[in-house]
Amino acid sequence: MYGRYTQDLGTFAKDEAARLRLQQGHGEGGTPRPRRPSKLLEYTQGRCAPCRVCALQCQRFLISKVGEDWVFLILLGLVMALLSWAMDFAIATCLQAQKWMYGGLDTNVLLQYLAWVTYPTVLITFSAGFTQILAPQAVGSGIPEMKTILRGVVLKEYLTLKTFVAKVIGLMCALGSGMPLGKEGPFVHIASMCAALLSRFLSLFGGIYENEARNIEMLAAACAVGVGCCFAAPIGGVLFSIEVTSTFFAVRNYWRGFFAATFSAFIFRVLAVWNKDEGTSSGWGTWGSPHPAPLTPATPPETITALFKTRFRLDFPFDLQELPAFAVIGIASGFGGALFVYLNRKIVQFMRRQKTINRFLMKKRLLFPALVTLLISTLTFPPGFGQFMAGQLTQKDTLVTLFDNQTWAKQGVSDEFEYLGILEAWCHPRSNVFVTLVVFILMKFWMSALATTIPVPCGAFMPVFVIGAAFGRLVGESMAAWFPDGIHTDSNTYRIVPGGYAVVGAAALSGAVTHTVSTAVIVFELTGQISHILPVMIAVILANAVAQSLQPSLYDSIICIKKLPYLPELGWGHHEKYNVRVEDIMVRDIRYITLNCKYRDLQHVLHSTKMKSLPLVESA
């Protein structure tokens with residue numbers, strides 16, 4: 001058999017199996033006996049025996065014609081799309097309930113404050129308590145754990161049904177509270193758990209779970225599905241999942257990731273159209289029109305569109321003279337991303353190193369998330385300090401306004417622009433739009449770094465994405481103020497489009513924090529336009545270059561904090577460590593036990609060392 005091709009081996013195996021069956025049939029009396037397949041024997045008894053046999057035969061026919069992988073990936077994409085849509089609906093309902101409570105108490109500011117603060121505190125506390133009781137493994141993003149699992153390390157209880165339930169319910173409550181938290185990282189974990197549970201509990205896919213290599217391939221495809229159904233960005237989802245979870249990626253898995261992610265994103269957007277929530281809060285004003293349309297909810301279209309659809313100018317989206325400004329966004333985002341990772345890690349290390357605080361919080365596990373939520377919700381209270389940072393806007397509404405086509409202010413005077421719809425949140429009578437954007441960026445930066453340390457299922461991609469969009473918008477508004485009539489090229493005037501700068505900033509900062517370039521593709525799929533492809537790529541590459549030279553990615557930082565068995569890539573300036581050998585760092589002076597040692601020697605060794613395990617050698 002050595003040297004045969006795969007097709008020849010398959011034919012040989014079938015012929016050999018037929019010969020063995022024929023020999024077994026002639027075993028007694030020399031006459032062949034018809035034998036039923038072993039899997040059909042248990043279905044031949046009972047009233048529904050013909051139906052069972054027919055169902056099993058249809059199952060075999062489906063697998064033989066369609067393929068086991070295709071059926072599994074379709075089911076995975078369908079389940080994740082339905083789950084993503086249902087969770088988005090529940091989260092939107094929770095956020096709407098908070099707005100309803102806040103708006104119904106407009107006659108009393110104190111009651112408004114109590115409602116604004118109590119609602120998210122209860123949800124976050126419930127999420128933390130429920131997750132801690134049911135499955136503590138569901139806390140956090142899940143991407144660091146998936147990176148470790150895809151390396152071949154077995155992490156107990158991370159892909160179980162109990163963790164799945166805790167992750168879904170905990171994430172729903174955490175995002176419904178309105179805290180600056182994300183869902184992309186947890187959805188990667190949820191999709192991986194969904195794939196593991198499908199392969200484990202469905203007998204149809206038993207072969208996938210039993211084969212470790214196939215199981216890893218399906219988990220890699222599930223990571224792409226998690227991003228694809230979260231942002232309706234299948235291409236960016238596949239590339240992002242490869243960048244953040246895989247060191248080495250098998251090209252043969254490409255089609256699995258793309259197929260499952262595309263199918264999941266398609267179903268997710270079809271459900272949005274069917275539910276008539278497609279296009280909500282996306283009534284964009286047309287650039288250059290004498291009477292721009294207000295940014296208010298528009299009539300839902302009857303087709304699938306991008307999640308945050310933009311309508312930037314296509315004939316001349318940007319001038320080449322604006323490229324230095326986009327490069328500045330990329331470099332500044334690189335420093336900002338490194339600072340975010342550093343701040344997040346320092347907060348966690350501070351809480352762990354302070355033994356008094358750590359001991360107290362271990363006894364009162366729900367106190368820390370409640371206090372953090374109370375602090376953040378107090379600062380974002382709209383009649384209070386939140387009026388200087390658009391505190392009443394959700395993350396989705398914030399992105400919708402930041403990607404707006406219109407220029408909000410000229411020469412820093414906010415009165416020249418008529419704020420309508422949800423854009424009113426950025427208007428303050430005693431300050432201009434620049435002050436509001438600066439306060440928003442500074443406050444949301446440390447709030448997001450602090451909020452992502454709460455022991456609930458949450459991610460950091462979406463808050464960082466929003467902060468980057470705000471920073472890009474600030475640069476765009478500054479450019480529009482410095483060049484109120486636009487940049488003159490060939491006797492033509494093209495005005496600055498600040499929304500394009502917001503798109504560039506969002507991709508750059510999120511790419512710097514995660515050390516990925518695929519955020520550029522995610523941005524294109526989110527907005528539905530690639531008019532700013534060159535500025536986005538320049539900013540993302542520069543941001544990655546700066547961030548990778550300063551700090552590890554956020555996921556590698558969490559791996560180091562949790563001390564997971566994973567070796568991250570060496571950063572810039574540390575390549576000489578590739579030449580370090582084990583003998584250079586190993587501990588040589590250790591206690592050991594020989595085969596001939598006596599009880600007194602063993603007792604002496606145990607008293608003289610604190611090691612939990614001792615090496616056993618033949619002789620010394």
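Any Cβ shown, glycine's included, is placed from N, Cα and C.
Here's what TrEMBL has on this protein:
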TRANSMEM  70-92  transmembrane segment
TRANSMEM  113-135  transmembrane segment
TRANSMEM  155-175  transmembrane segment
TRANSMEM  187-206  transmembrane segment
TRANSMEM  218-242  transmembrane segment
TRANSMEM  254-274  transmembrane segment
TRANSMEM  323-345  transmembrane segment
TRANSMEM  366-385  transmembrane segment
TRANSMEM  461-483  transmembrane segment
TRANSMEM  503-526  transmembrane segment
TRANSMEM  533-550  transmembrane segment
With the transmembrane segment (254-274) as the reference, find which of 70-92, 218-242, 503-526, 533-550 contributes the most Cβ pairs under 8 Å. 218-242
Please check if the transmembrane segment (113-135) comes into contact with the transmembrane segment (155-175), where contact means 3 or more CB pairs closer than 8 Å and the residues in each pair are separated by 6 or more positions. yes
Taking residues 6+ outside the transmembrane segment (533-550), which of them lie with a CB under 8 Å of any CB in it? 318, 322-323, 326-327, 329-331, 333-335, 337-338, 341, 500, 503-505, 507-509, 511-513, 515-517, 519-520, 523-524, 571-573
Touch test for the transmembrane segment (461-483) and the transmembrane segment (503-526), at least 3 Cβ pairs under 8 Å: yes
Flag the pair the transmembrane segment (218-242) / the transmembrane segment (70-92) as in contact if three or more Cβ pairs fall under 8 Å (sequence separation 6 or more). yes
Sequence-remote partners of the transmembrane segment (70-92) [C-beta within less than 8 Å, at least six residues beyond its ends]: 62-63, 168, 171-172, 175-176, 183, 187, 190-191, 194-195, 198-199, 204-205, 208, 218, 221-222, 225-226, 229-230, 256, 259-268, 271-272, 275, 277
